[in-house]
Amino acid sequence: MEWPINKPIYDINKSWEDNLENGPFIEGYKKVDRNDNKDPSKYIDFLGQKLASPIGVPAGPLLNSQWVKFALEAGFDLPTYKTIRSHEHFGHPVPNVMYLDLESEDKQFTKSDSGSTLHATQTIPTTMDQLAITNSFGMPSMGKEYLYKDIALAHSYLGSGQSMIVSITGTASSAHDFLQDFVDTVRIACDAGAKMVEVNYSCPNVVTGEGQIYHNPDAVYEISSTLVKELSSKNIPLIIKVGVMDDLEKMERLFQQAERAGVAAIAGINTLSMKVTDKITGEPSLGASRLTSGVCGAPIRSAALDWVSTASSIIKKQNSKLKLLGCGGIVKPEHFDDFLNSGADIAMSATGLMWDPYIAMKWHNNNKNN
């Protein structure tokens, strides 16, 4: 159960479609018994769902029901079904994931590093502390009929003390169509039996005039309040996914507007957006049209923890009822505790799961509090 056993369960040399159809790639994986199965009376309550633990997977790596099934069996009690759209959408071509060349093994970025330049490398890291990747998928999505069946199938795999979030986003060419598309997408999630919905505000969008929606608290309010109206009659809570913010006042306003809209929880961070280029040529590593991409893995943990701590402070300051989901850089089991101790109600790992599918079980079986 130590690095490296096998290649990541997501094959970075294959397309997103290939990984969806044939993954996760778990040859050599040995299922581990979980030693912390609790009495249901001791489950934690999160947005009305009873969970055996606060350990989850954020939107991204769980491409369909088979990926969700694997995460559930691997000890993640709150997986997120990857971001869906209202219609089939093809993502970017391979490469979608590349390793990054860091200055040192313990390199940690801060939020002020967003937008800086890094270089891709073919060198495979040899420890989880060295695990740094960039990813650019374009948020691909399967079509409506597939999603109805597959999200329902994913729900059928839930065991006692487990639940699932369905992540959504909007797609359109005008502000009005954009809002309606969010509604159309959330209806797919609801019709498929979603217990919780997360709306992704942390990926680029040109319609609002902002690089990312979460930087515009008023746009967040408008979209979120519309979605809450759709969800409230079905008693489905809304979570919003955001990223790092340099402006504390704007972050405080974001939280105010989110709660005012009826949002139940805020998740962060997604990735750190950086420029990734070839060290020799200076050309974009992922292709000419993708100069900027998301950085994930070990080196964003500091920025993510900073976000969680700040978010927790804002919630206390505002006497808010918002819950927090923290993610970013959790690549070792003890990192879950770092996030929980910093104020997160739920701690989530994506890159950590992909490269170490035992990470959640290590936490369960080694955690003295369980």
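Each residue, glycine too, has its Cβ placed from N, Cα and C.
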Out of N13, N22, N200, N341, which is the one Swiss-Prot records at the substrate site of K82, N135, S136, F137, G138, M139, N270, T271?
N200
Check: same-chain CB within 8 A of substrate site center, minus K82, N135, S136, F137, G138, M139, N200, N270, T271
G60, T83, C203, G294
Near C203 (active site, nucleophile), which binding-site residues out of K82, G138, I269, T271, G328, A350 have their CA within 10 Å?
G138, T271
Here are some binding-site residues: S136, T271. Which one has the most Cβ atoms within 10 Å of its Cβ?
T271
For the C-alpha pair, I'd like the distance in angstrom between S136 (substrate binding site) and A350 (FMN binding site), rounded off.
14
